[in-house]
Every structure is written in structure tokens, then in C-alpha cells.
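Listed in TrEMBL for this protein:
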COMPBIAS  570-591  compositional bias 'Low complexity'
DOMAIN    480-550  domain 'Transglutaminase-like'
REGION    311-332  region 'Disordered'
REGION    566-604  region 'Disordered'
TRANSMEM  7-26  transmembrane segment
TRANSMEM  32-54  transmembrane segment
TRANSMEM  66-87  transmembrane segment
TRANSMEM  118-135  transmembrane segment
TRANSMEM  142-161  transmembrane segment
TRANSMEM  613-634  transmembrane segment
Amino acid sequence: MSSRTHGVAASLAAMATLVVAMPLTALFRESAWLPTAALGVLVVMVTGIVLRGLARRAGVTILGQLLAGTAYVLVTQLGGTTVYGIVPTTRTVPRLLDYVYDARETITTYAAPAPESPGVSVMLVIIVVVVGLAVDMSAATAASPSVAGLPLLSLFLVSAANSGGALPWGWFAVGGVLWLAMVANQHDRELREWMTAVPLMRDSSDAEGVAERSLRWQAARLAAVCLAAAVLVPPALPHLPTRYVLDGLGAGGAGSARSTDGIRLSTELDLKRSLASPSEEPVLRYTTDDPTPEPLRVAVVTDFRDGFGRMRSDAPQPREGFQLPAPAPAADEGIPREERAIDVEANGVAAPQIALPLHLTEVDTGGLPWALGTDGSARVQRTPGSYSSSYLELDPQEEDFGTGAPRSSIDLAAHADENLALDPASAETIQELAASLAPQDVDDLKAAQAFQEYLRGSQFAYDLEVPDPPGSPDDPILSFLETKVGYCQQFASTMTLLARAHGIPARVVVGFLPGTAAGTDERVIRASDAHAWPELYFHGVGWTRFEPTPGARAASVPSYSIALEREGAATSPESTTTSETTTTTTQASPQLDDPTATDQPGGEAETFHWRRWLLGLLLVVAALGLMPVSAWLARRRDRATAGDAPTRIEAEWEDLLERLDDLGLRPPVGATPRRAGDWVSRHGYLDEPAREQLDHVVVTVERARYGRPDQQLPDIRAEVSSIVGEVRQQRMAGSRLKAALWPRAGVDAWLSLPQRLVDVVRRR
């Protein structure tokens, strides 16, 4: 296959891969992964085109593309775990496994469109790059575009099998056209076999061209008919129930969340920056009989790693007729309580999220499928325009948090490791701070009160613009404890970790403040009312809300969370429900993929910046010189191992033929030295001195082959180099560059290296 055909096939393969990957955007709320994946496919394509032009062996091309794709993934997706951005470390594989686990959890937990978590983004980039490599390898390297349809079909089926609805037919049609174009590009001559007769023509001078065009036209018509049938026939066929590749992703239907112009809280709690939105757009309008309603919960965060907390709901798949499970006796019956009701008249929170209070006793979604998890968060299959719920409002007093005899069963799930684990990056500092604020002999409630009072003290301040002083720690919790300036995510996460360090099960809850009053019983929650707060578990009381965020950017402070002897200081000012907390809309992309969310380069990175450039330059020089140096060493080895003069002459003759072959001048296979010399002389346009040198080389080779074994033979190395130099001057710049950077002797030296190593071991 010519280099031009290689380039066309590779370009078609890249375009087909990207087109077939586009339906994946319907499965996820954001598409921040798409540009990165597209660039990765282009890297694989360009690498393949270059290597196919330089090397004849398919293995070299495939290995080079694999290395290029791996390096691209390391640099763009796992750069934080590598040295100089490309060399993997012991942290690389564990981080990749974390991403795999994160992607699996997201896909199996959420209905489509699912949130684009960091793991999902990394896995999508890897999948698309791997498919791009497989398609390029089949269509361009192996010259088998028909096989390339298999990875393309597999990638398309991932979208089709998980969408829960019909995909736009245009993606399939365009992908099919590009695949057929790959087949036609490779198999122009094979297409002629589709026809048994050649059209009659008066002028037979262009018979072959006319026949070829006629066969192409017939092939195009056949392809158009097949594509039309593939698009039009399936809707007329009976469909079996949908089966999803992974439970959760496809269960919600492709368009459920897009049917309502609502907002959806981000599933990644980025502690490095605020998600604040200045939008005053109403999200919920509801009525309640609770004069001081509590915040409405949406999701729970238990896992804190590397400055991120992953929001999720452990609710099962939504289903029709879901019944609330019998409430666990987490709270003692003697705790004062009142039954309250909330009636949402206008809902703008997009599925699968839904805002509900804690301690639910009844929920009415208007018949829409829904489910409730053990953590109190709920999921819906489609966004309800309105819904209502009843719940218990508990009013525990300080004496209800006693540590005496058990009055109710212990919630074992609350004491799970996920509710007690610390972030390794800040664990040591958190443990020391927790011990200084509340020694281990202090009871849990007193410790929680001390943690909240510390964070609400005058030394901390709420601000959406968090300072980043020079030399501050990379971990956001450590940086927050140093600057003492942050937003609700950092206050809530820090108190959660402090409580865990004391042995109290804790988690962060994300939802909405109660909003502002719009009438006697009516309240309005706006997009800027999103909020995060900690919930701590106490035996006999259950999960209880605390409010460490200071000032007027938080909910009301529960009375039990304030130590009586310090009540005056702790409650001033008592927080009210305002509308200046944080949200992200459905258009927000994952924080891990947002360039603004990454750490700013510190002094150390700037110091070594020039070293990285220098290292990169040295690596480029080493890569360019690898094959030429290998060829030079191989030639020296062949001369050194030549046992006698005839063997040395044969090595010089083979070297001449290889170097001429590198320049595109290849004598007929099996030609004698005399015939090969004549062919090179004619096709190489040698001048008279070069022809004389070539004749002398040929005569010397013939003497070496057919003369007496003990005869003296001249050294022809200088003449060989002179002949190659003369031919090089006649070649185009591209051929000269290829011969210099990619000599055949260097490639053969590397390909034969394993066998040489085996021979060395055997000789020993």
C-alpha cells in the first residue's frame, strides 16, 4: 500500500472512530472527555502514518502506536502519578485502578445521563484511544478495513445498549459511510468481482477506467441500499425488552433528564475551589407547615481522596410503587418529634436527583418510579414536576446524647469504614487537631460541639475567593486549615474528618438550604442555595445535622450542637437561610477535568520547568539517533565478526544493497552481482567515476565468491560509501531523511536482538 493510501485509510479510520464515539455523549451529562479522546485518536493516527512511511514491518508500527497512545494517556490522565509527566511510578497503577472503580460505581449507580466522574472521563479517553488504535491497525497497517468494522461496531453498541432509547440515526449512517469508504479505498480492484460483465464501449481505449467507474457506482448503490435498510427496517421490527451492559447507566432512559430545564448538583465535591453560582433562578417552590424548615438533602459524600469527595446515593434502581422501608429504630422513642409535611409545587432539580428532608415517613412522586437509600437520599427515574413528602422533625436535647445503656439498636451501617476513614493526605494533621480540641476521654457530643465551635470561631471566615499563599500545601484541607478561609464544602468536610478522627461516624450531605419565604407557608429555593453540611451519628439519636459554616452563608445552627456553657459565644450571630451557597448546573463539567481546578504550579515546578524541557529535548535527540547509531554499530559488528576476506567483502556488499534500499533503489531479487551492478548503474544515474567504483566493487565481490580462498582482496568500504553518497544526491529530501533516520540495518538489529540474547545464553 502506498503512503498516500496509508494516509487516506488512517484518516478515514480516525474520523470513523470519532463519529462512532459521539453517541457516548448521550450517556453522560458532560462531555469534557471528548476533546481529550479526539486528540488521542489523532496522536495514534499521526504516529501510524509516520511509522508506516519509515518502517516496512507492521510490528514496528503497531508497537510505536501502542507506545504513543500509552504515553498520551499517562501525560493527560495520569500525569500526577508520573515522573516528568510520562514515566510511570508505583502510584500510577493504583490510581488507574481507583479510576476504574470510580467509573464502575458511577455507571452502575446512575441512570443515563450519568455524571461524568473523573473515573468515567479517564476510562472513556482510554476506550476511545484503544478503539482508534484497533481501527487504524486493521484499516491501514493490516490493510483489512473489513475487520475494522468490528471495533467500530463494539464502540457503537456501548452507546446503543445503554441509552435506554433510540439513538440518532445520523451517527450510525455517517459511521457506516466512513467504514464503507475505508473498504472502497483499500479494495478498488476487489470490487470489480461484484460484476460479471463489462459495459460495451465504442472506444475501447478507456475500457478499464470505464469498467472501474461502473463497478464503483454499483458498489455505491449497493452500500446506499444497505445503509437505508439498516436505518429504516429496525423501527418496523418488534423489540425485546432493553438489556443494559451495566445496570444503572441505561436504566433511566436517554432523554429523561434532558426533558426538564433543571439543575443537577455536581457529583464531585471539589474541595479546591468553590462551585458557587450567582444564579437567582428558582429551583424549588414549595409549601411546608414547618416554621423553621431544615435543609433538603440530595446526596451524601463519604469518600474523601485527593481533595475530592464523591457524591452518591445508595438508593436502588427507581421502580414504580416503591414503598418506604420500615424505619430503623436509630432514634430513641423518647426524643421529642413532630410530623411535618412539604409540598413541592414546582421542581427544577433534574433526575435522578430529588431534594427531600431526612426521616421520611411518606413520599408521593405522582406515580413516577423512585427509590430511597439507607443513607436517606433518594433517586427518581424522571424529573417530577411536583411531589410531596411527610417527615419527622426530631428535637433531641443534650441529655438524649447520653452514653448509658442502649435504648435502641445500633446502626451497624453507620459504623462502616466509609464513615470513619480519613483522607491519607491530611490524616496526621486532622488527628492532631482533633486531639487538641477534644481529647479521647471527651464524650462524642462534647467533641462534636468543640469541632463546630472551632470552625465557627472568629479566626475562620467564609469567602468564595480562597487565598493560595506561596508554599501552601497541595491538599485542600491542609490549605484550608492554614489559611482559615473557605466555603461550605471545606467547613463541612473538615468537621466530618475531625469527627471521624475522634471515632464518630460522619458524612457530608449536599443539598439545598430551606430558601427564602415567599408567603405564609411558601418558600423558594434558588440555584445559589445549594449547600453542604456534616451529619454525625450518635447512638440513640441517629444521624444528626451540624452547621460549622460561619456567618450568614449557612443554615440555622441546631440547639444540641451548641455547648451550654459557651452558648452565647457560639450562637452569635445565628445563621439564617440565605441564598449564597454553591451549585453546578447540568452543563458543568467534572472538576477534575476542569483546567481551573488544578493546582497552580508552585516554586518547585517552576524551578524544574527548564529541566523538563531539557530532558524532553534530550529524549527527542536520543530517539532520532537511535536507529542510525544502531545501524552503525551493527555494521561494525558484522565487519568485526568476519572471519576472512571473502566474508568481509560479502558483508560490505550486503551493506551497499541495504543502504541503497533505504534510498529507494532496490535491485531485482536474486540478481547476480554483475546484473545488480548494471541495474544500479542505470537506475541510480551514476556518473562515470561512480560507475567505475561500482564495477570495481562488483569485480571484487565476484572474486570473493568464485576465486581462490587464500587470495588477497582489497578493502571496498570507501568505494561503497562513495557510491551511496552519489545515489543519495539523486534522491529527494524525504527519501534522504528516511534513509538517515530509519536505516534498515538499525531496524534489523533491534528485531534480531531477542534471538542474539538467546544465542548468548545458549553458548554459556
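Every residue gets a Cβ built from N, Cα and C, even glycine.
All TrEMBL annotations are machine predictions without curation.
Taking residue pairs at least 6 apart in sequence, the transmembrane segment (66-87) and the transmembrane segment (7-26) share fewer than three C-beta contacts under 8 angstroms. Over the domain 'Transglutaminase-like' (480-550), the average per-residue pLDDT in this prediction is 90. In terms of DSSP helix, strand and coil, the domain 'Transglutaminase-like' (480-550) has 21 helix, 30 strand, 20 coil. The list of residues near the transmembrane segment (32-54) in space but at least 6 beyond its ends in sequence, with Cβ under 8 angstroms from a Cβ of it, reads 3, 6-7, 10-11, 13-14, 17-18, 21-22, 25, 60-61, 64-65, 68-69, 72-73, 76-77, 116, 120-121, 124-125, 128-129, 132-133, 136-137, 140-141, 589-590, 593-594, 738, 741-742.
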